[in-house]
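Working notes, structure below.
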Amino acid sequence: MKWKHLPLLVMISLLTLSKKHLLLAQLIPDPEDLERGNDNGTPAPTSDNDDNSLGYTGSRLRQEDFPPRIVEHPSDLIVSKGEPATLNCKAEGRPTPTIEWYKGGERVETDKDDPRSHRMLLPSGSLFFLRIVHGRKSRPDEGVYICVARNYLGEAVSHNASLEVAILRDDFRQNPSDVMVAVGEPAVMECQPPRGHPEPTISWKKDGSPLDDKDERITIRGGKLMITYTRKSDAGKYVCVGTNMVGERESKVADVTVLERPSFVKRPSNLAVTVDDSAEFKCEARGDPVPTFGWRKDDGELPKSRYEIRDDHTLKIRKVTAGDMGSYTCVAENMVGKAEASATLTVQEPPHFVVKPRDQVVALGRTVTFQCEATGNPQPAIFWRREGSQNLLFSYQPPQSSSRFSVSQTGDLTVTNVQRSDVGYYICQTLNVAGSIITKAYLEVTDVIADRPPPVIRQGPVNQTVAVDGTLTLSCVATGSPVPTILWRKDGVLVSTQDSRIKQLESGVLQIRYAKLGDTGRYTCTASTPSGEATWSAYIEVQEFGVPVQPPRPTDPNLIPSAPSKPEVTDVSKNTVTLLWQPNLNSGATPTSYIIEAFSHASGSSWQTVAENVKTETFAIKGLKPNAIYLFLVRAANAYGISDPSQISDPVKTQDVPPTTQGVDHKQVQRELGNVVLHLHNPTILSSSSVEVHWTVDQQSQYIQGYKILYRPSGASHGESEWLVFEVRTPTKNSVVIPDLRKGVNYEIKARPFFNEFQGADSEIKFAKTLEERPSAPPRSVTVSKNDGNGTAILVTWQPPPEDTQNGMVQEYKVWCLGNETRYHINKTVDGSTFSVVIPFLVPGIRYSVEVAASTGAGPGVKSEPQFIQLDSHGNPVSPEDQVSLAQQISDVVKQPAFIAGIGAACWIILMVFSIWLYRHRKKRNGLSSTYAGIRKVPSFTFTPTVTYQRGGEAVSSGGRPGLLNISEPATQPWLADTWPNTGNSHNDCSINCCTASNGNSDSNLTTYSRPADCIANYNNQLDNKQTNLMLPESTVYGDVDLSNKINEMKTFNSPNLKDGRFVNPSGQPTPYATTQLIQANLINNMNNGGGDSSEKHWKPPGQQKQEVAPIQYNIMEQNKLNKDYRANDTILPTIPYNHSYDQNTGGSYNSSDRGSSTSGSQGHKKGARTPKAPKQGGMNWADLLPPPPAHPPPHSNSEEYSMSVDESYDQEMPCPVPPARMYLQQDELEEEEAERGPTPPVRGAASSPAAVSYSHQSTATLTPSPQEELQPMLQDCPEDLGHMPHPPDRRRQPVSPPPPPRPISPPHTYGYISGPLVSDMDTDAPEEEEDEADMEVAKMQTRRLLLRGLEQTPASSVGDLESSVTGSMINGWGSASEEDNISSGRSSVSSSDGSFFTDADFAQAVAAAAEYAGLKVARRQMQDAAGRRHFHASQCPRPTSPVSTDSNMSAAVIQKARPTKKQKHQPGHLRREAYTDDLPPPPVPPPAIKSPSVQSKAQLEARPIMGPKLASIEARADRSSDRKGGSYKGREALDGRQVTDLRTSPGDPREAQEQPNEGKARGTKTAKRDLPPAKTHLIPEDILPYCRPTFPTSNNPRDPSSSSSMSSRGSGSRQREQANVGRRNMAEMQVLGGFERGDENNEELEETES
């Protein structure tokens, strides 16, 4: 946009406008654009590539300018005090924006404001500080800054940038302290630097030099310096250094002293002395500092007054006693540690007997054992000898198989297989270094006794309580060999059976009758055999009288467990035997516990209970004697009792003492173990819980049985804990892994050899620290509270985790204070010795969660449970119930980026779905742009415009669409909403019931059509199909017609290229169809180039006798002839169906051309959607409006290719000729109807131009010759030909390919009319109807005069609202043209807002006959033509109503007529037909210029039936019923059933027609139009034109009245009623029907109901 065209004042004012005003200002049109506009001030249209699609261009003020944008944002700065600083900010914009700085919301003063200011605003927009001013009280430069860039288009704000002044205080918050550690121990120094900003970093210096932190032993973490393994070289002076950008600060000096633990130079040795001797232990150690020495006794105190410690640290004990024996430890200790060395003092003591042997009596052959046990120090050796014998038996001697004598390790003498010679004394002697003692015992041998186990009591007595005088029964069942003897004892006294009350049965049961109180006591059953005895006891209580006694409940044997299996021995040791058994689950109850009994001769002669209440099936019996034979049995028990005993186990012998320990010299063992020296290596750390220990033995000994590894935690925190022992019993091993250690703990470890109870000297102590792990428990007692010192700070406190879960040394604690957004997060880290932290600067209103975790060297551990806190605006904590409010939770969720992204994505998806739906909806609307206006609102009708095409070298105006019509395709036609199948070619009935044969076919065969064009199309299609054996669908009835692809075929044309009623393309050739002239041009080019498929066969009748064909058929054939004239090289050009493209050379199909039209008549209805049901009509039927056939057929030329004779076209067995599959409509039809009905109104939105069809809301006229002159000859021809149609033989063609899909056309005489009533006009009153009648009659006369003069007529009446009709503002105007001008009449002056479609008068005269034929009384006026013949002005042929027509703006004059009442009864069908036939005028005479080879005879026309008013009235009622039902499908069927399209028949042979006078009406001549007399003012019923009712052939018998399976239920009653004889209707019937009034319909309804 050029600025020079705008006033300067506007430019200045625009600089101050906001963005919103600028957008409005951009819509100001440019003056040059206004000058280029139309004269009336409308904006000039822009070119296709213009960005402005509104048709005008707006002002673009300073198009190159744009608002500011920050390209470089300032960043945070930390500057030292007094130092210069720069905050960068760069912005771009046009004009160049100005930059200002703000701090804390206030504008920053720079040198531009005050030259003395230390702040400078650089040209780039950066803010430069000459120096940073910062004091204790005044801090002018510190704060948060933003830069703002502005120009007249707006402003841009940068990000926040904080400028902070760096500080570093002098005093350290914590100075490192002196450290004193031992070599090998870790050293830790802690330092907290001075407060500063930014937080200073920490480094260390040693002896004035930076500390080398590359040493892997040295770790600097936070303020801590850790040396893991100190050396002597680590000693020195250490300084902590804190550094930030201000400088550095040094802490106080800390001394690190590395000391040495004590280590022994000479360890004490084990000693063995005799009683009353002295014992000395020497000890010598070194260390730094020099250690101090001490002695202690491990298991007691040093003997008082008998020990001394010499200056050389030697321990001396005088007069040693046996109590002094033990382990003595030398302790060397200094300030960094201590060392210990132990030695054992052994005091030798003379032996003494502990167990002396006793005399034994044993049976011959048995085994006997003498026990002898002695103690002493050292342990005395025991040996046996038989008195009088020198053979000694020692315990350490290996057993000899030939000897029956042996001595156990404990000193017991055992004699097996005793013989009588073994009788005598046996001497036990014990001996050690301190002395010896002797004892003896006598062995007596008796007779042989069976070596059997003692008896076993299977079931013994149970405790009982009985009343006085009650009966007691005590059972005792025992087994043994021999049978055991059972005795009963009471409280240890044998029960006497002399008392008559007491009786012992043979089975051993003891029975006591008449019990007394004295019978109370413990009863014992003893079962005895020579091998031993068994006992079982029970307590019996006798109660006095009056005391309730619970009698013993008899025990069910099934409730007691069964005996377990025989126990098996699984393991045997010196004093332990392990048994295994299984319960008996096959019988008895499940046991809950077990009882184990054992027997051994070494322990006595009876069974002993060794274990009770055993819960498992395996048990280890301990405490057994070594080298003894044992027998075992097991009993099962539960709450109900004890089971029988199991089988006795096999004998098992416990192990003897190992022979290696026999005969050992204790002093020698102790001496050798004391000389063993172990060297322990540094332990290897394997994991956090295991350490591997290695050692070497300097001096091996045969008495090393194993090693004991002793370990314990070390450190002050653990104190002097006890040593833990891990034994290694393999002398050859020199390493072991100690498991189950604590994590991160320092251990001290040592090793010690041992032999039985003897132990050697300890090795040196080694230290090992297990690996650390993260703490496995969170800190305890975490609390969050308000800090008193700061308004927005909180105090977090905690306690360390439990020690066993720390898994190392806690080095620090991490504190997380998390807000609901990351910008509010605050994290803190404190030292491991700190248990609280203050977190400042919390944002009020933000809910924080605080978590604490302890951190070791392995990292942070488990976090504590979140503690929530929220501060209000005053800094006070909010109560917990308020913290987690629903609003806060919702706010937290809404602020989450994921939620925002999800909402955005959902909105985008919804928008895309809606856009797709809207696009598809609009696309369907555009696709339905070929639908007629109001197709979804009111059943209406649209007629076909006049189209010119070439015929025989001259332009001929066709009243129909110049397109192929074919209904022979399957039921997939896009123009049918409820596509019902057509009849197949197997049907013999004629396609249109125009002359119902005498076979009696009634209305059941009636085929309903949506429009007269459908009837005409089907008439010709069926004729062609009869000739070609085309396969047709099954049904004869169609539903709603989908006209979505046909709107472009219904257009009016107004173009200078219209010549003589023909459209002439720029090349001079007439175009058959205005909207498809480009396609026709391509077709012409294609035909000239030999286009088309030469192999495609064309329709050609067989060479048989020709019959004359109706002019309708001739019109189609003539057009086919025209198309064939375009062929080149005899190549046949297939005609194009309306809804299919011919091929790629056709230039596009009619369908594609129509879609592009975007006419406004589509109303956005979907393709294929069923149209709504027709509203009520006042008895009107569109069949009344169907015009007669043309009176002047075109001349015959090459008729064998384009048409067929009557012989070829008609089947002898058919009631009427079959329509051809392809047909064109003829101009003459329009001419003869135009004169009768007035000018043809166009469909809205259609226009024509020489090059293409233009679509707009401007009105165009239709060049249509007035067809009024053509009406009277049809009136004359029709009655003679009706009902007398001959039946020529069947002539069929053989098709090569199926015909293209059908394209319905509107007949020329109906183009542009509205056939359906307005929805708003359905329920009008009778007075309004009378007024409309008067208006219609006045308009008729006026329109008649206009038509005679060939003038334009502008409609003036409003025809309904926009909801249910197409208003005049949305459609084109129309007008008629005089033929003498040969040019288009001017555009109609229809206003875009007048809301009219056509005049009431013109429409009224077109529907007058329809109204009266339907049973309405209409004021009729007769008119006289040039010849003086009287005729009616309205059309006489009935025309069916179309439910899908776009003529939704029917004139109110027609709609609002009241239904006539019936005045007289119906006459019989034949009478009616005769009466009507007699009153018909003679047929017309065709002009000589047009000759038809196939004109039907008058007799043929007479043979055709007509459509009676009964059908019309019935259909009208069906229409009203369907409207009341709200458009239900049933109503729809009723609507479809009554839409009968009657095809007009041909007027007869043209030769006869030429001979008959035309009474001054010469069709196609201008004179005839000028000379028409004024219209008659009244019409008479006799002038109603008869019309044929169409029908389809059915799949049944041609004469089967039920072949129409898809007929409407509304029409079925009428068809059944007339089935007997309605094949043809005579003229008398029509005459009677024409006189119907309102009452006729009522009677008809009664008749229909009765039928």
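Cβ from N, Cα, C; glycine included.
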Swiss-Prot annotation, N-linked glycosylation site - which of Asn827, Asn966, Asn1129: Asn827
Member of Cys372, Cys525 annotated by Swiss-Prot as disulfide partner of Cys476: Cys525
Swiss-Prot annotation, disulfide partner among Cys330, Cys428 for Cys372: Cys428
From Asn790, Asn1139, Asn1449, the one Swiss-Prot labels N-linked glycosylation site: Asn790
Surrounding CB atoms that lie within 10 Å of the CB of Asn820 (N-linked glycosylation site), all protein chains: 18
Residue among glycosylation sites Asn160, Asn463, Asn827 with Cα closest to the Cα of Asn820 (N-linked glycosylation site): Asn827
Maximum Cβ pairs under 8 Å to the domain 'Fibronectin type-III 2' (676-773) - stretch from the list 170-257, 262-346, 351-446, 455-541, 563-657: 262-346
Maximum Cβ pairs under 8 Å to the domain 'Ig-like C2-type 5' (455-541) - stretch from the list 170-257, 262-346, 351-446, 563-657, 778-874: 563-657
Helix, strand and coil counts within the domain 'Fibronectin type-III 2' (676-773) (DSSP): 0 helix, 45 strand, 53 coil
Secondary structure content of the domain 'Ig-like C2-type 2' (170-257), with strand meaning DSSP E or B: 3 helix, 45 strand, 40 coil
Cβ neighbour count within 10 Å of Asn160 (N-linked glycosylation site): 11
DSSP helix/strand/coil residue counts for the domain 'Fibronectin type-III 1' (563-657): 0 helix, 46 strand, 49 coil
Residues of the domain 'Ig-like C2-type 1' (68-164) by DSSP state, where helix covers H, G and I: 0 helix, 48 strand, 49 coil
Around the Cβ of Asn463 (N-linked glycosylation site), the count of other Cβ atoms that are within 10 Å: 12
Under 8 Å by Cβ from Asn827 (N-linked glycosylation site), counting only residues of that chain that are 6 or more apart: Lys814, Val815, Trp816, Cys817
DSSP residue counts for the domain 'Ig-like C2-type 4' (351-446), split into helix, strand and coil: 3 helix, 52 strand, 41 coil
Conformational class of Asn463 (N-linked glycosylation site) under the three-state DSSP mapping: coil
Integer Å distance between the CA atoms belonging to Asn160 (N-linked glycosylation site) and Asn463 (N-linked glycosylation site): 96
